[in-house]
Every structure is written in C-alpha cells, then in structure tokens.
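Residues or ranges marked as ATP binding site in Swiss-Prot (evidence: sequence analysis): Gly37, Pro38, Ser39, Gly40, Ala41, Gly42, Lys43, Ser44. The domain 'ABC transporter' annotation in Swiss-Prot covers 4-248.
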Amino acid sequence: MTLLEVNNLGKHYNGDTKVLKNVNFEIGSGEFVSIIGPSGAGKSTLLRCINRMVEISEGSVFVDGQSVGDMKKKSLRTLRTNIGMIFQHYNLVPRLTVIENVLHGRFGYKTNLQGIFGRFTEKEKEKAFELLDRLGIADHAYKRCDQLSGGQQQRVGICRALIQDPKIILCDEPIASLDPNSSKIIMDYLKRITNELGITCLVNLHQVEVAKEYADRIIGLKSGEIVFDGPSNMLYQDKIESIYGFQQRELITV
C-alpha cells in the first residue's frame with residue numbers, strides 16, 4: 001500500500017533558486033528508506049515539503065491519499081499527527097523534563113488551551129513511560145533534557161515522534177551530531193520501529209555506509225534531482241561517486 005506519493009515536486013526560493021526539481025517517488029507502508037546526497041542537495045527541504053513546513057512550489061505530495069499542498073490549516077494539523085519528525089539537533093525544550101518533552105508529541109490532538117496547560121490523560125502519560133522504557137531511558141523521565149547526552153536526547157525525540165501514533169516518521173540527519181556508538185543505537189532503534197511497529201521511516205543521512213546497512217531502499221539526490229532510486233545493495237561505488245563528486249572523499253562512515 002502506498003503511504004507517501006511525491007509527484008513532480010519542485011521547490012524554489014526568490015523565484016529563481018531551485019532547490020528541488022521534478023522529484024518523483026512512492027513509498028509504501030512499513031518501508032525503511034534513506035535519502036542520501038551532498039550538502040545542499042535538497043534533502044532537508046524535501047522532508048519539509050512532505051510535512052509542509054515549507055510551501056510546495058510545484059507538483060504535489062500525498063500522504064495516506066491526502067494532498068498535503070491543498071490542505072487548509074485545520075486539516076493539515078490533523079494530518080501532521082500521522083507524520084512524526086526527528087531532527088538533527090533534537091528540537092527539544094531543554095529546561096523541561098524528558099516526560100514533558102515526550103508528551104509534547106500529543107499537542108496535535110489537543111486544543112490550544114489543553115496544550116498550554118499541559119492537560120494530558122493518564123493513558124497518554126502511561127504511553128509516554130512505555131515508550132521511554134522501550135528506548136531505555138525511563139530512568140531519566142524527570143530529568144531536564146539539557147542534562148542528557150546527545151544520544152539520550154535523540155531517543156527522547158524518537159519517543160516524542162512515536163507518541164503521536166504516526167504512520168510515517170521523517171528523520172532529518174538524526175545521527176549527524178552523535179558519536180559512532182550513539183549513532184548505532186539510534187539507527188538500531190529506528191530500524192526496530194519499522195520492523196516491529198510497521199511505521200514507515202524516511203531518513204536523511206550523510207553517511208552512505210550507514211544508509212546501505214540499514215535502509216531497504218536508497219534515494220540519491222544531487223542538485224535537487226533524484227539520480228538514484230533502488231535497493232541499497234544496488235548502490236555501487238560508481239553511483240556514489242556520481243552523487244557526491246569531489247565530496248565523496250570526505251564521506252563519514254560509522
């Protein structure tokens with residue numbers, strides 16, 4: 001079943017600067033897909049178009065059969081409960097506790113007043129603790145997030161995404177700020193999310209070898225265009241070199 005459909009997607013700024021050009025692909029339920037490409041290829045912009053954090057200039061994006069670009073504010077807010085986001089720099093509130101940050105993932109289901117006053121149900125709180133336990137950080141539930149390591153903070157970010165009950169999680173360079181051991185822990189958890197919960201994961205990565213190890217499928221972006229889309233075991237060295245060019249020598253492996 002197709003969960004995400006991107007058709008002739010284009011994004012440009014100031015009229016002329018084209019960041020994405022004629023991007024087309026489909027992703028099914030339960031797939032683990034990685035997007036690779038050099039800095040400036042358009043990877044982050046692509047994820048932000050899917051979630052409509054930035055407006056689409058051309059083409060269309062469908063999530064679970066619904067056109068993201070045509071949605072009004074209320075409908076878009078509802079759709080976003082099905083789209084989890086994980087960010088490179090965690091996007092947590094440092095002064096709040098771990099459990100509070102996780103529960104922020106339920107804001108899409110709340111009225112503005114409920115969100116402001118932190119009115120969460122006992123069931124939601126129980127779910128938050130279950131997720132923290134699943135990711136091995138339940139003991140830190142009442143610590144401030146700025147007291148955690150980077151890897152621990154990213155696990156909080158994963159819990160916050162999961163408590164939304166999403167159908168797809170968009171991960172924007174989730175291990176770029178982490179050491180090798182923490183990176184492996186995060187990637188292992190993301191893979192388990194797909195395998196055990198059936199949640200689709202679309203993961204931007206700069207580390208090609210990590211993408212090949214974890215992803216079922218890889219999409220290669222270069223200058224805003226798709227130049228590779230296929231199984232990870234079909235991404236050969238010549239194609240990697242064509243995607244990254246002179247940057248290929250500087251690629252990070254974990």
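Cβ atoms here come from the backbone N, Cα and C positions, even for glycine.
Small disclaimer: the values here were computed from a predicted structure and weren't measured.
Positions of Swiss-Prot features highlighted on the structure.
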residue : record           : Cβ contacts under 8 Å, 6 or more apart
Gly37   : ATP binding site : Lys43, Gly220, Leu221, Lys222, Ile243, Tyr244
Gly40   : ATP binding site : none
Ala41   : ATP binding site : Leu221, Lys222, Ser223, Gly224
Gly42   : ATP binding site : Lys11, Val19, Leu20, Val23, Leu221, Ser223, Gly224
Ser44   : ATP binding site : Asp172, Glu173, Asn204
Cβ-Cβ neighbours of Lys43 (ATP binding site) (radius 10 Å): 24
CB contacts for Pro38 (ATP binding site) [other CB atoms within 10 A, all chains]: 19
Across the domain 'ABC transporter' (4-248), average pLDDT on the 0 to 100 scale: 93
Other CB atoms within 10 A, centred on Ser39 (ATP binding site): 9
Shell of the ATP site beyond Gly37, Pro38, Ser39, Gly40, Ala41, Gly42, Lys43, Ser44, same chain only (C-beta within 8 angstroms of their C-beta centre): Leu221
